[in-house]
Amino acid sequence: REAGRRTYIPVMSGENKLSWQVKDLIPNCEYYFRVKAVNKIGGGDYLELRNPIIAEDPKQPPDPPVDLEVHNPTSKSVTLTWKPPLFDGGSKIMGYIIEKLAKGKERWERCNDYLVPLLTYPVKGLEEGKEYQFRVRAENAAGISEPSRITPFVKAVDPIDAPKVFLAANLQSGLEVKRGDEIILEAHISGSPYPSITWLRNDEVVRPEDIKKRVTLPKKKGESVLSIRDSIRADHGTFTIKVENDHGVAKASCEVNVLDTPGPPVNFVFEDIRKNSVICKWEPPLDDGGSEILNYVLEKKDNTKAEMGWVTVSSTLRHCKFHVTKLIEGKEYLFRVFAENRVGAGPPCVSKPMTAKDPFSPPDPPNKPDVEDVTSNSMLVKWNEPKDNGSPIIGYWIEKREINSTHWARVNRNLVNALEVKVEGLLEGLTYIFRVCAENAAGPGKFSPPSDPKTAQDPIIVPGPPSCPEVKDKTKSSVALAWKPPQKDGGSPIKGYIVEMQDEGSTDWKKVNEGDKLFPTCECVIPNLKELRKYRFRVKAVNAAGESEPSPATSEIPIQDILEEPEIFLDLGAQDLLSCRAGTTIKIPAVIKGRPVPKTFWEYEGKAKTTSKVEATDARSEIIIPECNRSHSGRYSITAKNKAGQKTVHVRVNVLDVPGPPKDLKVSDITRGSCKLSWKMPDDDGGDRIRGYVIEKRTIDGKAWTKVNANCGSTSFVVPDLVSGQEYFFRVRAENRFGVGPPAETIQRTTARDPIHPPDPPIKLRIGLVTKNTVSLTWKPPKNDGGAPVTHYNVE
C-alpha cells in the first residue's frame, strides 16, 4: 500500500516462493509491504514492514568522463575539454575534478578548488618548459568516479603561429563613402606570439598627427579598427593593415574611395577661332571626385560688359570639345567649364579672353584675265591663282561688261573651282571685257583688272583634214571611197571635198576633181582606172578660207573585181521554224549577198514547189504560198550560187490547223442504258497537241446531234442515259487550240438493249411428296436470266 493510504493491494497470491519482484511502482512514492503464509487450513498472520520504502533507483558513483582533449597549450596554461560519462550512476553529475601530473613525479595534483560545472577548463599556473599529463573525474551524490583516460604528455610552451589578418566582410570589395562621412576599417588578427600592427595608406604609415588628428586606432586583442572622421577627398587610396611577429608578416588591403565633386577641367584652349564661332577644347579634371564624369557644363560671358552674367552654352556635353556658334564678330568672350559627376558639379576652369574674329583675310585680286577661243557666242576666260592670305581659296566669281556699258554682270551662279571658265550666251558682234575675284573663308577679295576687249565673232580658218579614206567597193575599173568630215570646220561650213590619187610607182598626186567640181558628200566613185594597177588616195576639205591639209593616204589599192561567196540572211521571224495558221499566206523573205550577184532558187523537201510564187531581185528573194494548208508543212530551202561559191539555208514550216478525224471508231458493251465508244488518235493532230475529244449522239429519226461530252480526255468513253430500244448513231471529233476537227461517225446503227444469252441453271432443287408412281419437285429461278425473261423449264 502507498504510505498515504490504508488499503493494501494484492501483488502476488498462491506462489510457493520466498521472494517476489513488485513492478509498476510510482517513482519516488513511499510504500508499505506485508506477506503471510497460507496452507490447507488457511492463512497465518501478516509480517509487515515497520518503515516505508521509497521507490527509487539505487545510487552509485558515475562512470568516468570520456574524450578528454588538450587545446591551446601555452607556456603558462592549457585548455581541457571532455564529454560527460556514459552513465551518471543514477544521480545528477554535480561537477568535475581536474588533475595534473608533472613528468617525473608520482603524485597527481588537483587543479580546481571547486567542482567544474562545465565540460571545459583552463588549467593555469604551469611551469614553462615542463611536460604534463591530465585526467578528469566526475562526481555525483553517490561519490566520485574513476579517472578518465589520461592525456599524452603536453609541453607548456607558447605555440608557433604565423600572423594572420582578415578585413571585415563588408570591406572585401572596397569601401566607398561620401566626403564628411567617417571611414571605418575593421580587421581581425591572429598569431602567436601576438603580432605588432601597422596601418598604411598608399604604402605610407598612418599617423593621427599626419591627418590632423582625425584618426583613431582603438586596440583590442584579436582585432584592429582604423577610424578617420570627417573624411575628405585626399583620404582616398589603398589602405593596408600589416601584422608581424617572429614567424612572419601578413597584409590585407582595401580600396577606399571618398566621393566628392570633381576637380576643375584643365588646359582650356581655343581652336579654329572665327568671326562668329570657335571650338573650345579642354582636358578632364585631374581628380574625377572618385566617380565617373557624367557631363560637362560650358558657359560664356561677354567680357566687354562687366554687368553681363554667365550664359550656359551647353549643359549636356559628353566630350571635351564643343563648337560654339552665333558669336558676334569683334566681341571679347570668356568661357568656363564645369565637370559633373553623380555627387555634383566641381569648380570651373576659366579660359583666357578670346576675341571673335577670323585669323585670316580675303584673298588678293587675281592678275589680269586672258580671253581665248573667241566665237560668236562664247569666250574662254583664264587667270592665275592669287595669294590666299591664310585661308584656302574655295572658288572664283567672274563678271562681264559690254564695252559701251557701265554695268558689270555676274557670269557664274556658283563658285568656280578652276582657273578658267567658258562664258557662253554672248551676243554676236558685241565687245566684252571680264574681271575675276577670289573667295576664301573670310569672304570674296577684290576684283582683278579687266581683261582686254574681245568681240564675239567666229574666226574663219581652213578646216582640219578629213579622216583617211576607206574602200567601200571596187570593180576592175573603179573604186568607191568614203571618209569622215574634219573635226574642225575652221569656223565656216565645209563646201565640199577634193580627192587626189597617186599612181603606182609615182610620187606625184593628181586631183581627181577640181575646185569647181567638189564632191559634196563624204563619198565618191572614181571611174576609168586600169585593171590590176595599184593606186593611193587622199582627201582635202574645202571651206570659205580654202583647202585643208590632206588626209592620211590609203595604202596601195589593186583595181580588180571583188569576189564574195554568197550569203543568205533569213528574216528573224522565219529562222529555223516558221509557224502559221491554215488559210493564211506564207512569206519567207531572204536577203542575198555576194559578188557577183548570186542566182537563187527555192525547193520544198528537195523538189521545186510548183504551187508557190517566188519574187526575187539581186539582193532579195521571197517565196509566197497563198492560202496555205497542212500539206504545205515541211522543209523549204533556198540556194544562192555564184563564181565564188554556193550557200543553202533551210527553214521548216509548220502550218497549224484543226486536227483530222479520229480513227477506228467502235461501239461495244451495249446495254439498254449505255454503250462504250473507243477510237484512236487522228493521223494528223493539226500541228498542235490534242486537248480532248467532242462526243455526240443522234437517234435514227433525229437530224440534230446532241453533245454527250464536250471535252473527253481519253480515247474511250461510256455513253450513259440511252433510251432502251432506241437506235443511235455516234460521232467523235478531236480538238486542239485551233478548233474542232472533222468527225469520225459510226456507219451502223446501235440499238440500246441488253444482250440475250442462255440463262443460268435453276438453283435449290428439292424433292417433296413421293408416292409409288409420282414425285413432287420444287426449285428457285436462276440468278441470271440471260437478258430475257425465263419462258419455261425443262425437267429431266
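Even glycines carry a Cβ here, placed using N, Cα and C.
Here is what TrEMBL records for this protein:
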| type | residues | note |
| --- | --- | --- |
| DOMAIN | 1-58 | domain 'Fibronectin type-III' |
| DOMAIN | 64-159 | domain 'Fibronectin type-III' |
| DOMAIN | 163-257 | domain 'Ig-like' |
| DOMAIN | 264-359 | domain 'Fibronectin type-III' |
| REGION | 354-373 | region 'Disordered' |
| DOMAIN | 365-458 | domain 'Fibronectin type-III' |
| DOMAIN | 465-565 | domain 'Fibronectin type-III' |
| DOMAIN | 552-654 | domain 'Ig-like' |
| DOMAIN | 661-754 | domain 'Fibronectin type-III' |
| DOMAIN | 761-796 | domain 'Fibronectin type-III' |
* Same-chain Cβ contacts of the domain 'Fibronectin type-III' (761-796) under 8 Å, 6 or more residues past its ends? -> 754-755
* Asked: By DSSP, how many residues in the domain 'Fibronectin type-III' (264-359) are helix, how many strand, and how many coil?
  -> 0 helix, 45 strand, 51 coil
* Asked: Per DSSP, how many helix, strand and coil residues does the domain 'Fibronectin type-III' (465-565) have?
  -> 0 helix, 40 strand, 61 coil
* Taking residues 6+ outside the region 'Disordered' (354-373), which of them lie with a CB under 8 Å of any CB in it? -> 270, 273-278, 327-335, 379-391, 393, 396, 422, 434-452, 454
* Between 0 and 100, where does the mean pLDDT of the domain 'Fibronectin type-III' (661-754) sit? -> 91
* Kindly report the helix/strand/coil residue split of the domain 'Fibronectin type-III' (365-458) according to DSSP, in that order. => 0 helix, 38 strand, 56 coil
